[in-house]
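Presented below is the structure to which this report refers.
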Amino acid sequence: MDKTFKSYYSWCKYLHSTSNLKFPDDCDKQQLQLIYISLYLLIWGEASNVRFMPECICYIFHNMANDVYGILFSNVEAVSGETYETEEVIDEESFLRTVITPIYQVIRNEAKRNKGGTASHSQWRNYDDLNEYFWSKKCFKIGWPLDLKADFFLNSDEITPQDERLNQVTYGKSKPKTNFVEVRTFWNLFRDFDRMWIFLVMAFQAMVIVGWHGSGSLGDIFDKDVFKTVLTIFITSAYLTLLQAALDIILNFNAWKNFKFSQILRYLLKFAVAFMWAVLLPIAYSKSVQRPTGVVKFFSTWTGDWKDQSFYTYAVSFYVLPNILAALLFLVPPFRRAMECSDMRPIKVIMWWAQPKLYVGRGMHEDMFSLFKYTTFWIMLLISKLAFNYYVEILPLITPTKMIMNLHIGHYQWHEFFPHATNNIGVVIAIWAPIVLVYLMDTQIWYAIFSTLFGGIHGAFSHLGEIRTLGMLRSRFESIPIAFSRTLMPSEDAKRKHADDYVDQKNITNFSQVWNEFIYSMRSEDKISDRDRDLLLVPSSSGDVSVIQWPPFLLASKIPIAVDMAKDFKGKEDAELFRKIKSDSYMYYAVIESYETLKKIIYALLEDEADRRVMNQVFLEVDMSMQQQRFIYEFRMSGLPLLSDKLEKFLSILLSDYEDQGTYKSQLINVFQDVIEIITQDLLVNGHEILERARVHSPDIKNEKKEQRFEKINIHLVRDRCWREKVIRLHLLLSVKESAINVPQNLEARRRITFFANSLFMNMPSAPRIRDMLSFSVLTPYYKEDVLYSEEDLNKENEDGISILFYLQKIYPDEWTNYLDRLKDPKLPEKDKSEFLREWVSYRGQTLARTVRGMMYYRQALELQCYQEVAGEQAEFSVFRAMASNDENQKAFLERARALADLKFTYVVSCQVYGNQKKSGDIHNRSCYTNILQLMLKYPSLRVAYVDEREETADAKSPKVFYSVLLKGGDKFDEEIYRIKLPGPPAEIGEGKPENQNHAIIFTRGEALQTIDMNQDNYFEEAFKLRNVLEEFNKERVGRRKPTILGLREHIFTGSVSSLAWFMSNQESSFVTIGQRILANPLRVRFHYGHPDIFDRIFHITRGGVSKASKVINLSEDIFGGFNSTLRGGYVTHHEYIQVGKGRDVGLNPISIFEAKVANGNGEQTLSRDVYRLGHRFDFYRMLSFYFTTIGFYFSSMLTVLTVYAFLYGRMYMVMSGLEKEILRLASPNQLEALEQALATQSIFQLGFLMVLPMVMEIGLEHGFRSAIVDFFIMQLQLASVFFTFQLGTKSHYYGRTILHGGSKYRPTGRGFVVFHAKFAENYRLYSRSHFVKGLELLLLLVVYQIYGHSYRSSNLYLYITVSMWFMVGSWLFAPFIFNPSGFEWQKTVDDWTDWKRWLGDRGGIGIPVEKSWESWWNVEQEHLKHTSIRGRILEITLALRFFIYQYGIVYQLNISQRSKSFLVYGLSWVVLLTSLLVLKMVSMGRRRFGTDFQLMFRILKALLFLGFLSVMTILFVVFKLTLTDLSASVLAFLPTGWAILLIGQVLRSPIKALGVWDSVKELGRAYENIMGLVIFAPIAVLSWFPIVSEFQARLLFNQAFSRGLQISMILAGRKDKATSSHK
């Protein structure tokens, strides 16, 4: 009750409204509580899209609870005394029609205003805006019943009745936003994290001042004059605070109409106070300076002659006073939390000034210990960063900067607009700009370093990687059953506390049941072979022998070694031999078990009593000799090897299949008689005496003489499963001669076994009984992805002749062999083999079938756990044995276990379009429907939810009606369970995936909800730990809230296909392990990054759900679920003792598309209200954690790229203007070295390279640091740095473009298998604007820098400066081809060129896809410019102006300019450029107009133009001294200018179209695409000539596969090899 209504109580308290949860004294309180909870859940269940608006649901419940109370307890109104009446209920759809539908229509109408995601966020109200309407008391104006004339329902897009059509919207004036406006501008970064930027700017200013005025030592800050100058940082702070106040007013202006007066007053007062300080502090400082100059002198004139040295100090003291108070409150978070949540008037006034009053974001402060941990982390990091910045970047530049500022330069190599500018300010900016950018960015690098160190230490203390190899597993296996019982089995606390660390039989029984199910599950998945399975199983009949029976893989080779040891033993004492055997505990266990098991098997086999007496005498002799320590005297040790061999042969025959029973029995008898002969003659010293003694004690001596011994053997014994297990186990112990160190062979099986074993020693909550555990649901959203591959899919070949089946057979050869062996098992159901094959392939892809199978392991694990608890001591068999057992008790136990499992677990797959697929005639859709149906029939507890779309006739109309429907599997078809009518189409309003989740979430049950994506998998052994994880919700945490989201570890299972898949797998693995570990503890900023997190279901369904769904802004819907949870008082943890599988993309193009989607999502996050609120509500250090682990990472990536641009454009300015040359010429010899170092300083850190650090730490932690170092070097050899540098470009491009222009959208990547060859045109379309254009621009800059600066600079210095930039250029231009399979194969290169030319030449048209036509692609590529704002257009044009610098700089370097510095030279260059463009235009027009009908005239025109061109060139060469070098330089000059014209033309598309020259712009664009394509393609074509390049590339791409014995060469060879292999 309290948990369900905590959000409602909070809402009532916030609005100062009395709660309508009333409980009269004489009522049945529990019954009334159930009524209220049912009412809330019924409202929530029918609310459809309104579920994303939790406070709106609170409002509805508030009024309906009042109605319910009135109906139940009163027939009179409390105030008026009139009879209590409610609105008459007409039918069962009244609530939907009168309450939900009007609100839904408001949401839908607003969603239509976003114009498919192209409209500005400020032009329409999203879910958050509409929900926040209910954060103020004006929501009560809506009334109850809802007043549809209220302001909330009045839409500005009213449609006149005569023009009314379905879905029509007239876009009129929009309504104001609520509380916040999402505006596309980079100023959001400053606005959201202003405290961080102010700190960084102030620290930078202070370091520069200390370095400038002092000797370089930090101690200089205590000098009086230096300290006074350092205090100017507060003036900077005042200006930045003023900027923040101004941004808050400007960017939120569109929401002002919805602001309360108090909110507006706060914004204005904040601005006024900030403005006052921005004026007061400079004036006060100017009066404290003795001889002011410059700006200081300007401020000092404002107050005349008034002088006061100490006034500035007092002003600063008052200025920082609020910050000091905030720092004191920071040290006592409980007090700050109480203040934020208080309703006391004085405190509310204080908090009103400190932060705007909001319903969310209050009281988010952590406890003292958590505060100490993340504060320590950041203080250490900031000290390291600032020390590095000061001593390595800032201080070395101070002296050269002073020298440069003191030099007088009068000679320039171009027309200088500001020849008399003082202090060479342009050079200073060019040198310092990259340093400033690096300073702002490198905190990200320091975060990578510190998070790696702290994450590694935390992981080590969490016991990660303690068991990481099979050797470690064997050494600790004895303690695993104890750890298993302690962690995964429920037991009484007292027993748990006082339990000794010994392995009792109950421990072994419980452990063996789970362990064996784990091993059997891996066998059913074909991860292990039958032999591996037998070696790994723990016998279920563990009580049969006197020692613990360990899995045979631990005991392998122990018997042969013991036999050899005994044979070679030279000692005289039994004790010495036994001591040697006991020194290896596993050898001792193996010897005892083998002896006792052999004894039991022989007794069971022998049917004749006399034979049994003989064997009894033999065994009695063995036992007595061991007791009396005369074993080595009574037995000949030399006979042991022969006995072992014969026993092995005997057991082999016993286990073999037979057709002729007589032959089989005779073979068995003969070998057994040989065994007895060896025992009595070769082994026993007194063998004949023992036989005689057995004969004497026989009651029937006469008959015994007539019969041969040991002829009566029970050959049917092995048919009994239990006995067969014993025989198999004994055979393994005797026959496995080599050590089983490599069992299992499969690497994935090894990983799973070692992780499971290791996790048992990690800290996890105790397991509750199944009846006491939290019930939970799993929810998977599905759209149209593959469910189960069809036979056609398996055998369909790509262009290289590779089918999925063939590919997987080569990638997973051991699993394919295991699969073929499994098909031979007679116990398998008679099922079509093609069905098994389809499953085998599908379970190795990223299919729904794989996900469903994985999630249903939860139910299997629950069944086993329930069975163990229900059956208790009688749980003798594992679950699948109980199913086959005829024991009625066992069957009853199993039925009860299943029933309990169903109560605790629900799995819902939200197949949104299942209904349409069912009706569809499309083959793929029908296949999806059939396969989903088969999954429901296969897994009876699986539930499928979908949106049903129907046409229902009403009033002569047939409007579409929508339902949320839940299905289950019946006998042959699906059966409907629930059907809930919806107010309209649920998925049209917001982003698809969260809407899909939202429609199905009503069908989930229980207290917890795990969200699982379509590309995930699960494992049986991990499912067994889920009840422990769920206990985290109940775990008591000192000083902290209970968690609301449990983060789980993921294993990326797609890393073995190629080097790219390996890079991506390692990168993703490091994020979901060490990355999220450090986010959760100590930083306390972990959110929800996707799946497979577990949500506190009650908490989240009352607070808006598990994700947000507003169009575009919530593109990364999952992380907004985490933001929302945190803002509403939630707490997110991370747990690594359990893992879930996850797939990732394996090719460069899908990976890049995924990265682009994530970068787009982060761009949208930057604009969002959630990030703004978290940035302001977190304390300073937690805010830093939040920034650098979310959008800060992407902004830092962009700053890395901008640093390269700033460096190169700055150097180009100095080279082309001649300033660099003049500075070095004028400097004295002792100054020269310092100046050269200053000019060479770049500090370009490859962020991508340093992102490898967490990866190395995590691999080292879990697999050993030797493996980590080897993997690191292998990754570098496989060009991992090229890949990460390339991805840097992807992140920076899409993040920047999203903030500037928008254009974010969901980008499906596809989750296919085969790594196929991508055509050149496809790569060009994908990477042209994000990488190729930028790469060519940097290439041009580097070439210009090289050409015009070489005369006075050594080549070594040049290479030192630019090596990382050349690396970036190479990565951006050629990574798509290096990582493209068959990218350097000659025939494919030829085909790619043909395809490229065809694509580029296509004229396009309406409906022509981008894959077919360059024009279609070109138009789509500019789509973001069509919808961008004026601000975006101006910024785009401004950025394009940089390309004019090339022409301006180069034309003054030409010989033809004759060293003239007149501006006329630049003007003439434009005349030449425009003339050239005009001539080309004339030729183009002539070709169109005269090319067909006036061919002769067109030829004459071309001839005249050619002659004119020759004449002009002759005059230029002869008269004006033009050279060939000038011609080459002119190309470098004019190409960027043409590109700038093209960019500006694209931005100004509408006016250019009006002028009629758009076609010319288009043709100019086509020409540039031709040039760029040729420049990039030429090196590829050259390298394709050499076959060795293609061979090298295959090894580079698929080295991981080669190292595991894979035959990628066969795969890439195609049909020929496939045909050969099929014949084999």
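Using N, Cα and C of the backbone, Cβ positions are placed for all residues, glycine too.
As recorded in TrEMBL:
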- 31-147: domain '1,3-beta-glucan synthase component FKS1-like' (DOMAIN)
- 196-214: transmembrane segment (TRANSMEM)
- 226-247: transmembrane segment (TRANSMEM)
- 267-285: transmembrane segment (TRANSMEM)
- 371-392: transmembrane segment (TRANSMEM)
- 421-440: transmembrane segment (TRANSMEM)
- 445-465: transmembrane segment (TRANSMEM)
- 1186-1208: transmembrane segment (TRANSMEM)
- 1434-1451: transmembrane segment (TRANSMEM)
- 1463-1483: transmembrane segment (TRANSMEM)
- 1504-1523: transmembrane segment (TRANSMEM)
- 1529-1548: transmembrane segment (TRANSMEM)
- 1568-1588: transmembrane segment (TRANSMEM)
When counting Cβ pairs under 8 Å to the transmembrane segment (226-247), the leader among 196-214, 371-392, 421-440, 1504-1523: 196-214
Two-stretch contact, the transmembrane segment (371-392) and the transmembrane segment (1186-1208), at least three Cβ pairs under 8 Å: no
Stretch of maximal Cβ-Cβ contact with the transmembrane segment (1568-1588) [cut-off: under 8 Å; candidates 196-214, 267-285, 1434-1451, 1529-1548]: 1529-1548
Residues of the parent chain within Cβ reach of the transmembrane segment (1434-1451), under 8 Å, 6 or more residues beyond its termini: 414, 1209, 1212-1213, 1215-1217, 1300-1301, 1340, 1344, 1348, 1425, 1428, 1457, 1465-1466, 1469, 1473, 1529-1530, 1532-1537, 1539-1540, 1543-1544, 1547-1548
Structural state census, the domain '1,3-beta-glucan synthase component FKS1-like' (31-147) (DSSP three-state): 77 helix, 2 strand, 38 coil
Residues from the same chain, set at least six apart from the ends of the transmembrane segment (1463-1483), whose C-beta lies under 8 A from its own: 415, 1447-1448, 1451-1452, 1457, 1501-1502, 1505, 1509, 1530, 1533-1534, 1537-1538, 1560, 1564
Long-range environment of the transmembrane segment (1529-1548) - Cβ separation under 8 angstroms, sequence gap at least 6: 1337, 1340, 1343-1344, 1347, 1422, 1425, 1433, 1436-1437, 1440-1447, 1449-1451, 1453-1454, 1469, 1472-1473, 1476-1477, 1561, 1564-1565, 1568, 1571
Model confidence over the domain '1,3-beta-glucan synthase component FKS1-like' (31-147), averaged pLDDT: 87
